Structure formats: C-alpha cells, structure tokens
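Copied over from TrEMBL:
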- 70-89: transmembrane segment (TRANSMEM)
- 101-120: transmembrane segment (TRANSMEM)
- 132-157: transmembrane segment (TRANSMEM)
- 203-222: transmembrane segment (TRANSMEM)
- 234-251: transmembrane segment (TRANSMEM)
- 263-282: transmembrane segment (TRANSMEM)
- 329-351: transmembrane segment (TRANSMEM)
Amino acid sequence: MNEIQNSSSSSFKSVDDKANKNNTNISLEMTTVAIDKNVEENDDFGQVVQYEENKELKSLSTAELKENKAIVLSILIPFSIIGALIRIGLNTLHSYPGSPVFSLIYPQFVGCVIMGFCLARKGFIMESYLPLYIGLTTGLCGNLFYRFLIVAILAALADIGITLGMSITGLKIGEHIADIIIRNRKTHSVLHIVEEPFKLNELIIPDFISIGIGVVSIVLVVTLSSTVQVNRSVLFAVVFAPIGALTRWYLSKYNAMKKSFPWGTFAANMSGSVIIGILFLLSNGIASSNISCEIIKGLIDGFCGCLTTISTFATEINITLPRKHAYRYAFISILMGQIAMILTIGIYHWIVGLTTTCPA
C-alpha cells in the first residue's frame, strides 16, 4: 500500500515538475517575446543593434569629459585647413583625361580611412585629449560629398555606388590600421561629454598649444590670400574651410533630435549641395572676372568641402544606425541631394543653357 502511495506521490510530483517546467518555459518564452517587443518598440530610437550592449553599459561607471567651445574652435581651424589642402591636392593629382574614376573618390577614401581609425579607438583618443578627436573627425575628415550628377541617371548611380563602396571600405581599413597600431583596451566607464565655460586658469598645456596653432593658422592664411597673387583659389579655399567645418560641427548638435535620423548631418549635406549648385551656376554664366571666379572656387573647395561630409555619412549608414533606418536615411539624403542639384542647376541648364566663364 505504501509503495502504491509512494508511486502515486512520485507520479503526481513528476506531473507537477513537468507542469512547473512547462510554466517556466512559457514564462521564459513570454519574457523573450516581451524583450523582442521592447526592442521593436525602441527601434525608432536606434537601440536595436545596441540592446545587448546597453545591458553591459548599465553596469559601467560614467566618466565626464569637458568640452570647451573655444578650444574646439581653435583646433578645428588648422585641421580643416589641412583637410582642404589634402582634398585639393589629391583631386588635382588625379584630374587628367582618361582617369578610371572621378578624382574626388581619393580624398573621400582617405577621409574615411582616418574616420575609421578614429572610431576604432574613439575612447583612447577622447580620453587622451577630446579636442583632438573632434579636430580629426570633424575638421580633417570633411570631404566634398555631392557631385553634379545631373547628366545621366546610370552615371549618377554608378558614381554613388562607387562613392559608398569605397567609403565603407575606407572605414574598415582604418579600423584594421587601428588594430595594428594601437592595442584595443576594454573600457570600464561610459564617456559623457559636458560643455564647460572658458576659464584661462583651468587650461592645460595642449589647450594653449591648440589656441596658438589656431590663431597662427588663420592669421597666416588670411595674410597669404590677401598678398599672394598665384593659386589664389587654393588660398581662398583654406580661408573658407574653417567656416564650413565650424558650421558642420554646430549642426552636428542636432543629430540628437532623433536618433534614427541624423538631422545635423542631413542639414549640412543638403545646405552644402544647394550652395554648391548656386556657386556652380554662378561660375557658368554669370561670373566673369578672375577674382570672382577664384572666390567661387574657394567657396566650393573650402566652405562647401568642409560643410558637406561623406565620412560621417558613411559612418552613420554603416555603423551608427539600425539597418532599416540606415537605408531610409541614405535614400532620402541621396534623393534630396539630386533634387537640390536639379533645382539649382538642371532647370537653368535645360532652359537657358550654361556657358563656362570660369576655368575649371
């Protein structure tokens, strides 16, 4: 009798265990569904690809990095000038008849390599000296983004495909170079940037160096552009380059408005495209004097070249944004860029026609 009772108890216990196990499985499945639903709901905020990572970030401490606008402004000046000179130099070297690809692909590629390097060691560079990271990514890596793709649709698609492909490749190569040169170290804190007012007594030696180089750079290029009579378009470009870089850095603050769509980068590229279109129109039918042509070319190469960016754009669609939002953002940006070119150049070209008045 006891054996029967024990057997019955074991059977009921086994059934209860199975039921509890099934309930546990159901609970786990419901939890999994809830997590997946939570990820889907947070998709508009760009958290899909960072969900697992964010769970680890919660356990990390927060380290504050102070951002001084005066220091950032100072360091953006020399880096934007260097970036403009690299872009103009590489563009000039490859501007010859029969070149296999358009010449701007080379400065775009170089900018993306540098950007990939900086992103791969972002924490290391920012902890070492925050303005240096801003100078490298915002000042140096700014490359001319939109070209005048209004002649043939297939040619435009080919150029866009080559640009994006080479840009993403450049990001990966920069990451690989960083892995070879600087050993990656696991961070134990989350970096948080806070703005601080300018206080002379709190500046460190690198800050004084940044201010000194920035002041010397702007004085030098302004003096040369007003006195030297050769290659004045290049000199005008390096004068206007810091203004473009500073404008893009200011607009980047608006990227936080909606994490699934970087409005700051979008505004920089769209406004740069419109300005390029207007300047191109002026140089092909309106401008006539040498000085006006040199200023126009300086604005395109300097101001617009540093205002627009392919390196940041490639980073956003390849790394920062979730896949769905990345495709949407890329499609809207490219489409609106082409519409801007058509409205500023295409309609006038098709109705009136363009007459080249400024040398290329």
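Numbers run from 1 along the shown chain.
Glycine is no exception: its Cβ is also placed from the backbone N, Cα and C atoms.
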Taking a Cβ cut-off under 8 Å, which residues six or more beyond the ends of the transmembrane segment (101-120) line up next to it in the same chain?
83, 86-87, 90-95, 133, 136-137, 140-144, 147, 159, 162-163, 166-175, 177-179, 184, 310-312, 314-315, 319
Long-range CB partners for the transmembrane segment (70-89) (under 8 A, at least six residues beyond its ends), listed in sequence order, are 104, 107, 110-111, 131-132, 134-136, 138-144, 198, 203, 207, 210-211, 213-215, 217-218, 221, 234, 237-238, 241-242, 244-246, 249, 301-302, 305-306
Between the stretches 203-222, 234-251, 329-351, which wins on the count of C-beta pairs under 8 angstroms to the transmembrane segment (263-282)?
329-351
